[in-house]
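Enquirer: Marked as domain 'Major facilitator superfamily (MFS) profile' by TrEMBL: 81-494. Under the heading transmembrane segment, TrEMBL lists 21-44, 140-157, 164-182, 188-209, 221-239, 251-269, 327-349, 383-402, 408-430, 468-489, 509-526.
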Amino acid sequence: MQDYEKSVSFLGTWGSFQRRVFFLLCLTSIPSGYNILSPIFLMASPLHHCHIPTHSNLSQDWIQASIPIQLEMSSCSRYELDLVQNLSALGSNPEVFLSSLKQEDCKDGWTYSTEYYQSTVVTEFNLVCRDQWKQPLSSSIYFLGGLCGCFISGQVSDRFGRKPVLFGSITMLSIFSGAVAFAPSWPIFTVLFFMMGLCQLSSYIVVFVLGSEILTGSTRVLFSSLGLPLSYVIGTMLLPGTTFLVRKWRHQSLIMAVPGLACLPFWLVPESPRWLASCGRLQEAELVLRSAALENKVEPPQVIFIPAKNTEALSFLDLLRTKNMRYVTLILWFFLSISLFGVVFNISSLYGNPFLNYFLVVAVEIPAHAVSWLMARSCPRRVSFISFTLLGVLSVLLILTLDRTTGLTLFLVLLGKFGIQGGTAVSYVYTGELSPTVIRNTEMSTCAMFSRLGSSISPYLLQLGEAFFLPWIVVGSLSLLSVLLCVLLPETFRKPLPDTIQQITLPQWSVCTVVLYCLLSVQYLWPCSNIVLELV
């Protein structure tokens, strides 16, 4: 295919057409952002203890004494109720003899704290104690749904178009978000939750690809590194506010269906002319571009595209057959996703109001995307990615030196999220620039699929929470590994987007060079950590 960006240069970069596409596509990312934290709030597990039924005829002092609060498993056991009732009937002191009594399971259910939530999936279906394993499983299933959605939508989008997949995903996301609110049991909820995840990430990836292909030059960088991520973050920030006002999970699920329905009129967004041209559908591509030229009030050339003899027909397997695409697909996204969502999920291990904590950990993405956009304008991609991610690694590892109850711990968590999120933002731009047009959506979706595989593991980091430092060690180590592996990728700064796989070349790195680069990274990281420790 001929040089696409040279062929469409007559349109300019910031006319009426580009502005309309820019803002409409940014708005279509809000439903995806609004749903991403749903596993955290719908699956929240409030403080709880064994329920003591009212017909037990126990005073409040005896009810409180019957729960062994001094034991780690107090939320899952109580002193045998029959023995407690006998002691109460004999007029004994509640504090006498109880510690020697046998314990039993919570036969009458649990009493949950309503300080932050009136109801969640956990409280309604009692996913605690013996069924506690269902909590992280539900969150993982949601992210695995995103994995499957990316695998399907990427190939469908590259074959049938970006626009149908985008609005189909948004519609399905709204439908299943509303359907979750009527789930009568945990198994049915899990199936519907999987379907929510199926649509959530795929819609964002298609928006990213569609905007990256329609927009060109500095406008594309502005869209992919600032405009679209900020819209996504705004959507994400809305959910903590919603859950603060609406404390029942079924009502929250219904509200999550609203943003997607509001985006359906945005069907006015055109199909990607770059994708149409890559598929040999030149007349349709020229129709979109001539309409854009009319909107921008510029004169298009008589012939925009010269017909090509052959067009490439590629699939997901081409990502694995070709060495350069294997590196792009497999290296960065898996490890970085575990780290990113590991930070988010481990916020619950910190003290303080969960709504405020989650709002802050999302809000810090705004400066992260702003700085990543500034770096994307003037800095090479590898340097930007490594700088951001090393900052995240340093901050996360410094958490190990502090107590979780201090305000400085929350600050370091936010700084770590800033760094890792900035690295993630750069990886989106980087991967989009590395991916050829003929298989760009499949490539982006496959990377997102590996990302979801990583994020599906993140909920289980909480199971390491008994030792507070372990989750942060995992997060920091995997982020550092993604930095070291980034060396294998080529630089794309100020280079045109590739249209074919053959246009992608990898840097020639010897084993000695990679080892030396890794040692230099550690050498620079270690003095920085000592300086920060002294400041702390």
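Each Cβ is built from the backbone N, Cα and C atoms, and glycine gets one as well.
Map the listed features onto the structure and describe their local environment.
Expert: The average pLDDT computed for the domain 'Major facilitator superfamily (MFS) profile' (81-494) is 79.
Through the fold, the transmembrane segment (221-239) approaches residues 22, 25-27, 29-38, 41, 204, 207-208, 211-212, 215, 256, 259, 359, 362-363, 365-366, 369-370, 372-373, 376-377, 425-426, 428-429, 432 of its own chain, all at least 6 residues removed from its boundaries and within a Cβ separation under 8 Å.
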Enquirer: Is the transmembrane segment (251-269) in contact with the transmembrane segment (164-182), using three or more Cβ pairs under 8 angstroms as the rule and ignoring pairs under 6 apart in sequence?
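Expert: Taking Cβ pairs at least 6 residues apart, the transmembrane segment (251-269) and the transmembrane segment (164-182) are in contact, with 3 or more under 8 Å.
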Enquirer: Looking at 21-44, 188-209, 383-402, 408-430, which one has the highest count of Cβ pairs under 8 angstroms to the transmembrane segment (251-269)?
Expert: 21-44
Enquirer: Which stretch from 21-44, 188-209, 383-402 shares the most C-beta pairs under 8 Å with the transmembrane segment (408-430)?
Expert: 383-402
Enquirer: Please report, as numbers and ranges, the same-chain residues at least 6 past the borders of the transmembrane segment (21-44) whose CB is under 8 Å from any CB of it.
Expert: 116-117, 120-122, 127, 135, 138-139, 142-143, 166, 170, 173-174, 177, 180, 193, 196, 200-201, 203-204, 207, 210-211, 214-215, 219, 222-223, 227-228, 230-236, 238-240, 243, 249, 252-253, 256, 259-260, 263, 266, 268-270, 344-345, 348, 354, 358, 362, 459
Enquirer: For the transmembrane segment (188-209), what are the same-chain contacts with Cβ under 8 Å, counting residues 6+ beyond its ends?
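Expert: Residues 25, 28-29, 31-33, 35-36, 38-39, 42, 121, 125, 137-138, 141-146, 148-150, 152-154, 157, 162, 165-166, 169-170, 172-173, 176-177, 179-180, 224, 228, 232, 272, 428, 432, 440-441, 444-445, 448, 451-452.
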